[in-house]
Amino acid sequence: MKSPNAIDFVPAADEKAIRTNGGDDKELAEVNGLSTAEGSISGGIETSDEDEEEEEDDDVSKLPFSKARCIALVATLTGASFMNTLSNQAVVITLPTIGEELSIPDSRQQWIVSAYALTFGCFLLLWGRIGDVYGKRNLFLLGSGWVAVTTLINPFLPNEIAFSLFRGLQGIGAAANVPTAIGILGVTFPPGKAKNYAFSTYAAGAPIGSVLGNILGGLIASYATWKWVFFSIAILAAVVTVAGFFIIPLPATTPHDRGVTVKGTIDWIGAFLITAGLLALLFALTEGNVVGWSTPWVPVVIVLSVLLIVLFVLWQRRLENGGQRAPLMKVSVFHSGKFSAGMLIMGLFFSSFNGFLIFTTYYFQDYQGLSPIQTTLRFIPTGVVGIATAVVVSQLLSRIPTYWMLLFGNTCVSISCLLFALPIPPHTTYFAYGLPAMVLSVFGADTTWPSLTLFTSHSLPREDQALGGALVNAVSQVGRALGLAIGTAVQTAVMARERGRSVEDAGPMVVWEDATWSGLKAAQWLNFAFGIASLGVVAVAFRGSGIVGKAGVKERPPLTAGPRGEQTRAQGSEEA
């Protein structure tokens, strides 16, 4: 019997989810459905006692192929999740070293991290649609190979612009292989223990990647050149690509095999509007620290970016209400106030959490002057505690209401930011502030992420499950990028004020300098504000929410169009 505590991810083309009205409707669902993104969870159908008796047969269902190949498949697909977090954490640890060697100002070093996160978030929906047409296996191999090639090129790039550009290209590849890995697992394993084990293993890839990313980055930066961080990631991506080619099973057929083309199904206009809008916004927020906020083109680009994002929303609404092709994002899902609040929490939370990790790295290396390996040792608790927390939370989701889970998670991360925003006395031991902050931050992240993804699954009808998963990932990645850009702007402005200079002449961070410490504290206060804002949304929007991981929760009925295009539900449905 499938454990009610197990997280069960739903792929976009899951045959059980779309095989409702015969072959023609199945084909249409495959073309119009979004592929799942990391964190998308099964349709939220929980069973009655009779259903549970039927599910007991799932435990003895045969594996799709040999046990050895199943293990190899899970290990290969877990490599995508592992590689994604390893790449981020290893680069974060080596960020000051890379910035120094490439002469990248402190105010623009965040581009190395944000470029990856932003393209990852922007291309999730687009790659999902393409994967529905050409098949998830093909897209996984393309994404992994793309990551290998672009990562291998990165160390040979001699200047800031080219380096950040290729970091963005790596994010495009990760946006292809991370979500499709989940989809492949979902369509390969039948419901039962094998599927639960597969997804548990995949979920463990992220915290393990975080631990080894910190260790890898610290060791390489201390005893070799930072370039070996990228060489190592490229080698890993190549291994995943080759292994995937031989291990991932071929699909029986894809919509492309039946004559469906990307040209007729992909919303290229929407893809351009949202990508251009977000890139323009991040560029203006980042460059404002360098050229000065009074430079005329900075506010112009910000206004232009907002207009592009608004146009994207209007265009998606038009396509959803009768366009010739499916939209990248169904705007109607935001008609639910609680769902919209969940997405807002996701963006605010990861703005806070990601900013905490980045500016804490700066605190250790640029303010305290610690070596990369010393910094690595201080980050190891985040990965170790993360693995243990993930195991515990998987059990608590079926016992504790979502409201309390989210309150706890957001409170933990807010306290972590606060500990580094307070005036820490010089030479205070790491165990007084640093260790508690690291542990609490992971408690927060590993509680909030599964709670929100599971809530998203239960909030949406089955036909929108993949959309919910894609949105969760996209919002979290964009929140990381924009939060870091705003945090860097605040840090630079405070440093400039303390030094009596203009923003564009603020200068680099200096070890044990008061201005540097003031800038870092200001950034952490901003991260704290993001966390408190997220906590406030939880308190208002999720009060009284039930236990979304508990058996017996019903699937949301599908949305139907009203006389004016509004979305309504069948009577008797309840909000998750």
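A Cβ is built for glycine as well, from the same backbone N, Cα and C atoms used for every other residue.
In TrEMBL, annotation is done automatically, which means it is predicted and not curated.
Keep in mind it's a predicted model, so treat the numbers as computed, not measured.
Annotated features, as they stand in TrEMBL:
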- 18-29: compositional bias 'Basic and acidic residues' (COMPBIAS)
- 47-59: compositional bias 'Acidic residues' (COMPBIAS)
- 73-548: domain 'Major facilitator superfamily (MFS) profile' (DOMAIN)
- 18-61: region 'Disordered' (REGION)
- 553-576: region 'Disordered' (REGION)
- 70-91: transmembrane segment (TRANSMEM)
- 111-127: transmembrane segment (TRANSMEM)
- 139-157: transmembrane segment (TRANSMEM)
- 169-189: transmembrane segment (TRANSMEM)
- 201-223: transmembrane segment (TRANSMEM)
- 229-253: transmembrane segment (TRANSMEM)
- 265-285: transmembrane segment (TRANSMEM)
- 297-315: transmembrane segment (TRANSMEM)
- 339-364: transmembrane segment (TRANSMEM)
- 376-397: transmembrane segment (TRANSMEM)
- 404-424: transmembrane segment (TRANSMEM)
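Between the transmembrane segment (111-127) and the stretches 201-223, 265-285, 297-315, 339-364, Cβ pairs under 8 Å are most numerous for 265-285.
Highlighted: of the candidate stretches 229-253, 265-285, 297-315, 376-397, 376-397 has the greatest count of Cβ pairs under 8 Å to the transmembrane segment (201-223).
In the predicted model, residues of the domain 'Major facilitator superfamily (MFS) profile' (73-548) average a pLDDT of 87. Taking residue pairs at least 6 apart in sequence, the transmembrane segment (339-364) and the transmembrane segment (297-315) share fewer than three C-beta contacts under 8 angstroms. The stretches the transmembrane segment (70-91) and the transmembrane segment (339-364) are not in mutual contact, being linked by fewer than three Cβ pairs under 8 Å (pairs 6 or more apart in sequence).
Most Cβ pairs under 8 Å with the transmembrane segment (229-253) belong to 139-157, among the candidate stretches 139-157, 169-189, 265-285, 339-364. Within the chain, the transmembrane segment (139-157) has long-range Cβ neighbours (under 8 A, six or more residues past its boundaries) at 35, 77, 80, 83, 87, 127, 130-131, 163, 166-167, 169-170, 172-178, 180-181, 184, 226-227, 230-231, 233-235, 237-238, 240-241, 244-245, 248.
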